[in-house]
Amino acid sequence: MLSSLLRRTLKGRTIIHRSDPCRDINKMNNNTISAPGMMRRRTFASANKKQEMTALSTPVSWKMLGLTTVLSFTAVSYYKIQHTEKIEATNAKVTTTGTAMLGGPWTLIDTETGDFVSDKSYSSTYTILYFGFAHCPDICPSELRKLSKVLESLEGKKIDCKGLFITVDGARDSVTNLRTYSKDFHPSISYLTGTPKMVKDMAKLYRVYVSKADEVDGDYLVDHSIVLYFVKKDGSFGEFFTQSMKAGDIVKKIEAIVKEDEKS
C-alpha cells in the first residue's frame with residue numbers, strides 16, 4: 001500500500017513536471033481553474049450581462065437628464081415670469097398712485113430767520129424740494145448747482161419758483177453751518193432743518209430714503225434719495241426729477257406743468 005501511494009504521488013509530480021514552461025501563463029491558469037470552453041462561455045455571459053446593464057441604464061439616464069432639464073427650464077421660466085409680473089405691478093402702482101401719495105402738511109425751521117415754516121408758508125409760489133446734507137462731498141453740491149440753474153432759468157421765464165433744501169443730517173447741519181453753506185448757491189434757495197422727528201416726518205411724506213452710514217473717526221456720510229420734487233402753489237405734488245435729468249429738461253417739464261396749471 002505504501003509503495004502504491006508513493007507511485008501515485010510521484011505520478012502527480014510527473015504530470016506537473018511535464019507542463020510546457022513556454023505556455024502562456026494565462027492559458028495555463030484558465031486550464032487549471034476552468035474546464036475547457038468554460039472561459040469562453042463565462043466571457044460571453046459577462047458580455048451579455050454588460051450589454052443588458054447598458055441597455056437598461058443608458059435610456060433611463062438620458063430620460064432622467066432630459067426630464068431634469070425640462071423641469072429646471074420650467075422653474076426658471078416660472079420665476080422670471082413671476083418676477084416680471086411683480087415689477088410691472090409695482091410700476092403700475094407707482095404710476096397710478098404715486099402722485100397722490102407724495103406730499104402733505106409739514107413743519108420745519110428756516111435757518112435764515114429761525115422761524116417755523118410749513119407747507120402753507122409757500123402757497124403763493126411754486127417750490128422745488130431737495131433732501132440732502134451740507135457735509136455731502138459731491139452729489140448734494142452738484143444737485144444744488146443744477147437747482148440753481150433751474151431757478152435762474154425760471155426767473156427769466158417769469159415763473160415764480162423757490163428752492164427748499166431740507167437737511168437729513170440735523171446733528172451736524174447747524175443753523176450757522178447751513179447759512180455758510182447757502183452762499184455757494186442760488187439766493188432763492190431756503191435751508192430748512194428741525195428735530196429728528198420733524199425731518200423724518202417730512203422725508204416720509206415724499207418717500208425719501210435716508211440711512212446714516214458707519215462712523216469713522218467721528219465722520220460719516222448719509223445715504224439718501226437723489227431727487228428734486230416740484231410742488232405746485234396749492235401744495236400738491238407736480239413732478240419729480242432724478243439725478244440723471246439735466247437742468248434744461250427740468251425747466252421744460254416745469255414750463256409745461258405751469259402752463260397746464262394756469263389753464264385750470
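Cβ from N, Cα, C; glycine included.
No curator has checked TrEMBL annotations; they are predicted automatically.
Keep in mind it's a predicted model, so treat the numbers as computed, not measured.
Database features (TrEMBL):
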type	residues	note
DISULFID	Cys136-Cys140	disulfide bond
BINDING	Cys136, Cys140, His224	Cu cation binding site
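Feature map: annotations from TrEMBL on the structure.
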residue : record                 : contacts (Cβ under 8 Å, 6+ apart)
Cys136  : disulfide bond         : Leu221, Val222
Cys140  : disulfide bond         : Tyr130, Gly132, Phe133, Ala134
His224  : Cu cation binding site : Phe131, Gly132, Phe133, Val168, Val208, Tyr209, Val210, Ser211
According to DSSP, which of helix, strand or coil covers Cys140 (disulfide bond)?
helix
So, in DSSP terms, is His224 (Cu cation binding site) helix, strand, or coil?
strand
So around the Cu cation site, Cys136, Cys140, His224 aside, which residues have their CB within 8 A of the centroid of those CB atoms?
Phe131, Gly132, Phe133, Ile139, Glu143, Val168, Val222, Ile226
